[in-house]
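**Q** This is the structure I want to talk about, given as structure tokens.
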Amino acid sequence: MGCAGSKTEEDDVKFIVFCGLDGAGKTTLLRRIRTHIQEIEDQGDPNDDTKDPMQHEVRAAKVEEMDTVPTIGVEAYQLQLRGLPLNILDLSGQEAFRVHWKRYDGQTDLIIFVVDASNRSRLEEARKTLNDFILNNQAICNKPLLIVGNKNDLEGAITVEQLVEGLFGKDAEKQVINRSYHVLSTSALRGDGVRFLMEWFLRK
């Protein structure tokens, strides 16, 4: 079966879906992304001396200080990165909600699948979820996919290579054939990999 047609929304807006198991750190990662985007806006004009140089440090600190409430259902964010409008959906990773991910297939341009790299005990569950709801979903089979191994700052976190093997075994290329994909290691708390992630938004 071939891939379904593309979405009908305006082409100059990117719709990005964040999904993954509950507890993977999606919401914290999105908070970090929003902080970085605001920093980019603050630094827009190098000759503008009205900006407070401490603002971005305060926002970065808040990422670590604020408690994160697990997403129940879906959270939507409208952001702008270097002039590109982004509509971001943070989908709940609770098992009971995963069957509802497909409701957003028609809106999806880019898929971010977040995995807790520090929790090896749920890697098999993440693999099955990725296959059931993303890789085997014909409606989004041609959409670029970024797999994020989050929480690389925690002791025992697996490497990108271990993540790929845990999710795909030895035949990753066969499982993601005809799809643009990348695997990235991040720390939402430290900000590792976040700027690459935002560049990926712009390139895809």
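Positions of Cβ are set from backbone N, Cα and C atoms, glycine also.
Quick caveat, the model's predicted, so the values are computed rather than measured.
Not my notes, these are from TrEMBL:
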- Gly20, Leu21, Asp22, Gly23, Ala24, Gly25, Lys26, Thr27, Gly93, Asn150, Lys151, Asn152, Asp153: GTP binding site (BINDING)
- Thr27, Thr71: Mg(2+) binding site (BINDING)
**Q** What does DSSP call Gly20 (GTP binding site) in the simple three-state scheme?
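**A** The residue in question, Gly20 (GTP binding site), is strand (DSSP, three-state).
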**Q** Using Cα coordinates, what distance in whole Å links Asp153 (GTP binding site) and Thr27 (Mg(2+) binding site)?
**A** 17
**Q** So if I draw a 10 Å sphere around the Cβ of Lys26 (GTP binding site), how many other Cβ atoms end up inside it?
**A** 28
**Q** Quick one: Cα separation, Gly20 (GTP binding site) versus Thr27 (Mg(2+) binding site), in Å?
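**A** Their Cα atoms are separated by 11 Å.
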**Q** What's the number of neighbouring CB atoms sitting within 10 A of the CB on Gly93 (GTP binding site)?
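**A** The Cβ of Gly93 (GTP binding site) has 25 Cβ neighbours within 10 Å.
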**Q** Just how spread out is the GTP site if you go by the largest Cα to Cα distance in Å among Gly20, Leu21, Asp22, Gly23, Ala24, Gly25, Lys26, Thr27, Gly93, Asn150, Lys151, Asn152, Asp153?
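**A** Value for the max Cα separation, rounded to a whole number: 21 Å.
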**Q** For Lys151 (GTP binding site), which residues in the same chain are close in space, meaning a Cβ under 8 Å from its Cβ, but six or more apart along the sequence?
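**A** Non-local contacts for Lys151 (GTP binding site): Ala24, Gly25, Asp116, Ala117, Ser118, Asn119, Ala157, Ser187, Ala188.
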**Q** For Lys26 (GTP binding site), name the DSSP secondary structure in the helix/strand/coil scheme.
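**A** Lys26 (GTP binding site) sits in a helix per DSSP.
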